Amino acid sequence: MAKFKMKVYQDWLFFVLFLPLSSVLCFSELSFITEPSDVTLLPKDPAVLDCQAHGLPPVTIKWLKNGVRLAESEHIQFLPNGSLYIPKIKHTKEDSDEGFYQCLSQNKYGAILSQRSRLTIASISEFVLHPVPMLVTEGSVARFSCATPTPFNPIVFLTLMLPFYVPRITVLPNGVLQIHSVQLEDAGQYRCVATNIGSRLKSKEATLTVNPKPPQRPRIIAGPQNVTVSLHQTVVLECVATGNPWPIISWSRADSKPIDVYNAKVLGSGNLVITDVNSKHSGVYLCRATTPGTRNYTIAAANLTVLVPPSIVERPESQTRPRAGTARFMCQAKGVPPPLISWLKNGEEVHLNGRIKMYNSKLVITQIIPEDDAIYQCMAESEQGSVLSLARLIVVMSEDRPSAPRNIHAETISSSAILLAWERPLYNADKVIAYSIHYMKAEGLNNEEYQVVIGNDTTSYIIDDLEPARNYSFYIVAYMPMGASRMSDQVSQHTLEDVPLRTPELSLTSQSSTDIQVTWQPLPAKVSRGRLSAYRLSYRTAADSTVTSVELPQNSTEYLLEGLQPDTIYLLRMAAATRVGWCEPSAWTSHRTPKTSSSKVPSAPTLQLEPLNCTSIVARWQTSPQSVAVQGYHLCYHEEGQPEQLIIKLQAQTYIYTISGLDPRRKYHVKILAVGQAGDGYQTDQTISTPGCVSARDQLEAAPPPPDHVTVLANNSSAVSLRWSRPAFSSGKAVSYTVRCTPVGIHNASAIRYLQTTRQSVMVQNLDPNTRYEFVVRLHVDQMSSPWSSVVYHQTLPAAPSQPPAGVRVTLIEDDTALVSWREPTEPNVVVTRYTILYASQKAWMAGRWQILQREGSHTMALLEKLEAGNVYLVKISASNQFGDGPFSNIVELALKRGNTHRSKNPRHSDMSSDGIYHIDQRSMTGIIVGVCIALACIVMCALILISKGRPRKSFSHKVIAVGAAEGPHAGLSLPNNHHTENAEALIPMISHHFLDAKAERRASLYEAGKTVLRYEGHLGSAPLPPSSREIIYGPYHSESSHSSEGSQETGDSGHYSNEESNEEVSNPSTSQSSRPESFGSDDGTTVAELKQSFEVENEEMLSHPLHHSAPDAIRFCCTSEGSHPALHTSQAVGS
């Protein structure tokens, strides 16, 4: 039997694992053997676009033109192999076959789309550029050019006067005619002829006039032009120079890389021709014309851009995901220009929504449903073409999944942390192996969703990498081995504001010698970290330390400082504030006011700075048209905190300059002024920060490691000293730290504390004594944060009680004896080892004489003896431990009068003794003895009544009755194989109480699902059970069972009794007089049928006597379960 079960299990496991795998294997065969390619044809020519696909039959192929599906007709035919055939190409204004074509292949697993194919129709077009007449000097260069809107091949120049075999004549493939060393006989009429596969076209004529040659310096008359070409084409970089003597032309690259000698050649006297270009040929090329034997030269530059078709560098992978899970398809592509990435589902565009989103080029599908099972394609598309890559998503169905987590609650902890708490799923919570927390910004569109996976041992989590002053939405998914739950309800929570991350970048200009115009841009939301409330502008002179500050409203973007001293260096800085507080002010920025001069100097240029990349800044400026004549510009820059660099002198016609060689993530100060005939003009100062980039020099800063060697030392019961070491990484920037302190086991946001410091130690104060805390440290450098360090646990030292005992009461129990009672101090986590009771009469109190009693910390009562009548006594108590004494409680008065009456404030009568040794007098002892005798008499009477009522019953031997789930009211029972004198087990059906349904008909439930083990305490041959023992057995019972029943509605999935059932059984028991089954003894001949029959008779008698009740009975029983804890003994009486 075991082998059969094992084989069934193996077959089932093979089916579950192989089915998704087989689907992937079958789907992977759906691919293209041949895809359509670009083609150029003449009108009325036939066209064939090939397309063949391979996959699990049947495979159908359909065609699309410009994204619209084509229908087969007489003009467009689909060949049996899937190719498209057009017998006669159309090309009219109303209808043309020119366009982009794609084929769509489909089988039962999905569909895939081919790459894009362009059908181009060669047509005749007029010249867009005709040769123009030229007047040149003898010995120089003559140049004619022509161009058509579409490429013609070849382009040939014709002339009736000049043969083409002359070496001085060069014809370039792009339609340029060059005549070097022009002679007088070269004059005449010229035209060009363009041809392609379908036409031949002549241009207009142009006249060349040649004049005698004067001497001149080298000059480039036709330099190279910026050109953009596709792969494998031919590029012509023209360079024609003239001069006397004749100049020498040479070529080089601006990046100092060598020119490809295999694909490049010089045509004519200096034209560079590169054939079969590829991406490595891209760059800036320099043409240099030099006079022989001198240093006289001139340079012309051009940028060559090679367009590269898209190619996928990271392909999506097929995935198998459970329902309600998350799938992420990665796709990265490259090309020039960068391709645009889109996603297709079964050949159609993916519709993005709340579940399906695109982050850059990544496709993320959350809360997967069965309809998401499809073939997905990543399509990278640009002007140079398109490329696709496919992957399949297989959705695995699982019905036995947990319900969603419940009661999601979010609570803000700080500006970057939110505490998330929830309750476990209502169903199948025991099968949950992990929780997945999903969160994203609530504002904006297409925000990226983040995910954190945690274990199943907690129902709370702190998300501490959030942005300040932002609203976030959260939901949680529970995971089990075979699937995930539905997503929980979403909750939103807003992080707190924080001080701004940095200050605005200032721009300083002077319009006169006594003012400075300060302007700045508003901080972005990510930097402001909340709503700005004010700005603070501070300034002083370089020679004076007195600082003047001006507070400005939050919507200000400029301020004019007036009444300043001329020709003086001023230092300025700014700080910004939110409702939380002020940020650190920026570093001082220097600015010199202009000199007072009667002559007019140039005004301050308008400067604009823009980061080009992580190491370069582009500076652009312009001067006012009303400004005086500018002879040049002086520009200088320096990193914040570093000395100024040398001044860069620029020409008057220069309005742009690139500052390179900078460090990433640094702030730089840039200054510029115009120079006029009267001297230096007014200066403009501006600051800018370079962005970050991933490079070898910046890689360490991109991910700083967490602090290490975190240690905690206890100072006292409410403070600890935390120390750590800075991790080993190179950074010259200031480093700060954040310390998080959390009480262990407490999920209250108000109990979590964050401390910021710039040192490698901190004192954490105001902690609770005798409490276990966890400490973690995080490092911050240049707007980046490290992960949290390893958790360090520490328990604070115990402290002396800070509060007195609570509820102090004094009760007079005898004429000269009083009972003092109290409760422990209300403060948590305080250990009390001793209580001190001070009491005295008013006379002794006035004399300063107190009587002292001390009790151990486990006692909360004490006796005050030998009190004198007629006195008023004062009592107070304090708690102590090994760390010190606590304060005394308020004084409680006790007035003793002669006689039996007494008065006490806050009297309290207690049933508990304090130390077990009381000095009781004779009168008190007599009262105790009489009370004990009365109680014993009552117990004996109750025992006699119970024995008389239980005499007709048969005795039950000691046994264990296990009630288990069955398929009917008379389920089979199994007997124990061996007899045990202490424990014998049997399975019996559970019989519930009687109840009335909605129609007031009397019903009886003969079967309860679930399994309960009951152990009677009694040996063989013991006294018989009373008649109502069945009601006791099936009465209120709350022990947990190790078995669960899915069919039980009264007991739930775990087989437990509900409180409602227990109450009904006690209030309305059914006690039918029926014969009980005989005790299980050592006789193994007792059969299951006999036991079954006895229970059938018993159940029938219960139905026939529904309203019969017996006298109150009692039984003491013990409940156990498989692998459970020791039995729990209970007593229960059931009466009518």
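Glycine too: its Cβ is placed from the backbone N, Cα and C atoms.
Over in TrEMBL, the protein carries these features:
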{"type": "DOMAIN", "residues": "20-120", "note": "domain 'Ig-like'"}
{"type": "DOMAIN", "residues": "125-209", "note": "domain 'Ig-like'"}
{"type": "DOMAIN", "residues": "218-305", "note": "domain 'Ig-like'"}
{"type": "DOMAIN", "residues": "310-389", "note": "domain 'Ig-like'"}
{"type": "DOMAIN", "residues": "404-498", "note": "domain 'Fibronectin type-III'"}
{"type": "DOMAIN", "residues": "500-596", "note": "domain 'Fibronectin type-III'"}
{"type": "DOMAIN", "residues": "601-696", "note": "domain 'Fibronectin type-III'"}
{"type": "DOMAIN", "residues": "706-799", "note": "domain 'Fibronectin type-III'"}
{"type": "DOMAIN", "residues": "804-899", "note": "domain 'Fibronectin type-III'"}
{"type": "TRANSMEM", "residues": "925-947", "note": "transmembrane segment"}
{"type": "REGION", "residues": "1019-1108", "note": "region 'Disordered'"}
{"type": "COMPBIAS", "residues": "1038-1048", "note": "compositional bias 'Low complexity'"}
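Between the domain 'Fibronectin type-III' (706-799) and the domain 'Ig-like' (20-120), the number of CB pairs under 8 angstroms, six or more residues apart, is fewer than three, so the stretches are not in contact. Counted over residue pairs separated by six or more positions, the domain 'Ig-like' (218-305) shares at least 3 Cβ pairs under 8 angstroms with the domain 'Ig-like' (125-209), which defines the two as touching. In the predicted structure, the domain 'Fibronectin type-III' (601-696) carries a mean pLDDT of 82. Segment contact holds for the domain 'Ig-like' (310-389) and the domain 'Ig-like' (20-120), given three or more CB pairs below 8 angstroms at sequence separation of 6 or more.
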